[in-house]
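Participant: Swiss-Prot lists 10-38 with the feature FAD binding site.
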Amino acid sequence: MKTRDSQSSDVIIIGGGATGAGIARDCALRGLRVILVERHDIATGATGRNHGLLHSGARYAVTDAESARECISENQILKRIARHCVEPTNGLFITLPEDDLSFQATFIRACEEAGISAEAIDPQQARIIEPAVNPALIGAVKVPDGTVDPFRLTAANMLDAKEHGAVILTAHEVTGLIREGATVCGVRVRNHLTGETQALHAPVVVNAAGIWGQHIAEYADLRIRMFPAKGSLLIMDHRINQHVINRCRKPSDADILVPGDTISLIGTTSLRIDYNEIDDNRVTAEEVDILLREGEKLAPVMAKTRILRAYSGVRPLVASDDDPSGRNVSRGIVLLDHAERDGLDGFITITGGKLMTYRLMAEWATDAVCRKLGNTRPCTTADLALPGSQEPAEVTLRKVISLPAPLRGSAVYRHGDRTPAWLSEGRLHRSLVCECEAVTAGEVQYAVENLNVNSLLDLRRRTRVGMGTCQGELCACRAAGLLQRFNVTTSAQSIEQLSTFLNERWKGVQPIAWGDALRESEFTRWVYQGLCGLEKEQKDAL
């Protein structure tokens, strides 16, 4: 195993989720030398395994007022700085005949106290503005919920950090902390792509590894007791609702239906798991049954809608001994300066919170870093737009009128005002790779050159290749070939990554493999194993 020379910086950030990316951006904007390390790819943990809900905070207004206030504040900020990552759909909190209608008044009052707009509307009006909603509802409250693409949001933060000098090291796993007495002064990492090991040095190390933060802290003989609460979700094969639909009750299983991009999602469950199971993301048959049964109460059309796939994530909550479900644990932010808490200088942990509050978490963590380094520059991330969100989509679209509307519309939707810099009338930009999501070869090239793509799975998270109805059946082989063409992979690596990609898609289909989903999977297997010649031993489960 080779060892590379060490690198030095002002701060090392462990974790490539939204929070880690936000910290990298904030630190870089304040003039710090930044290195971020992530063992897999960006947004592969809890960041990429949630609803993608742009919380208004209403969901937490009754049970967690502090989190509710944080959510509505960040909701308004993200609508300004990340406009190409969010969709302000608005949301409905509905009361069904089996629910307590008197809770609605409590809910509205709690929202108002948290600064959240909450308007009670007539059930008939709710049915008009959201045809998918259960027509049996007896009450409805309109709130400023929305949706956010977590992959796009994380990638935009990473891109801005890189453009301000940050070094982003994906596929680099932390194998230990470097200490000098009672001070952490760096990390040891292993590059999964090359097998090389390396020492990285900095006066401050930030642990932003989410639920895996407990494991990172153990390298310093510290204990952060996390509460692993698994949440599972289902993806519909098309977008069945235009508003976020919530149950107007205290948070419970399967009580949010979220429209996102071309699909809708129903979730979540909440199940306490052992810490040694946090990398096991399998969705059980029981969870699927709960999600379907409860989801149909929100939108009866779900009963006739094909389920595309299932997935789950683990919430990075700080543990409480008296709550077996995790529902009553605060979603609030936890910032630990280990110099004050444990007498270990140079080490900070940021955890808790949620995707919605990633920017605020990053601000808190960066403030702590700057205090240690004597940096007095203020945070500007609440005011500076992310790359892609400098101008409205309508303005950008007028700059790329020469291409067919579906192609330019999808490109601008995903990349915002960065699109005109790479979109052209050339053959690459008219060559479709993924019909479901209207991804062109030109967009693949842009992602490879600018968005830190090392594999086919990385490309999926940057462009939505393989995330549509066919689940990679028609586009995965094209995308794999393009990665070789653009010098990301060799031919052998492309074949290996194609197998890995299809198996990852199958993991999400397997829990709901009946009817159309099973037939589609069998056809995919026939296409790649029979027609394209991928051998059984290469394809594992498929």
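Heads up, the Cβ atoms here are built off N, Cα and C, so glycines get one too.
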Participant: Report the member of Ile14, Ala18, Val34 (the binding-site residues) whose C-beta atom has the most other C-beta atoms within 10 angstroms.
Facilitator: Ala18
Participant: Any same-chain residues 6+ apart from Asp10 (FAD binding site) with CB under 8 Å of its CB? Would you list them in sequence order, or say none?
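Facilitator: Counting only residues 6 or more apart in sequence, the Cβ neighbours of Asp10 (FAD binding site) under 8 Å are Cys27, Leu32, Arg33, Val34, Ala202, Pro203, Val204, Val369, Leu373.
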Participant: When you measure from the Cβ of Glu38 (FAD binding site), which residues in the chain that are at least 6 apart have a Cβ under 8 Å away?
Facilitator: Gly15, Gly16, Gly20, Thr44, Ile168, Leu169, Thr170, Ala171, His172
Participant: Cβ-Cβ under 8 Å from Arg30 (FAD binding site), same chain, 6 or more residues apart: which ones?
Facilitator: Thr366, Cys370, Asn375, Arg377, Pro378, Cys379
Participant: Let me know how many other Cβ atoms fall within 10 Å of the Cβ of Asp26 (FAD binding site).
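Facilitator: Result for Asp26 (FAD binding site): 28 other Cβ atoms within 10 Å.
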Participant: So, three-state DSSP: helix, strand or coil for Ala18 (FAD binding site)?
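Facilitator: Going by the DSSP assignment, Ala18 (FAD binding site) falls within a helical segment, counted as helix.
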Participant: Might you list, by sequence position, any residue in that chain lying six or more from Gly22 (FAD binding site) with a Cβ less than 8 Å away from its Cβ?
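Facilitator: In sequence order, the residues whose Cβ lies under 8 Å from that of Gly22 (FAD binding site) (at least 6 apart) are Asn157, Tyr358, Arg359, Met361, Ala362, Glu363, Thr381.
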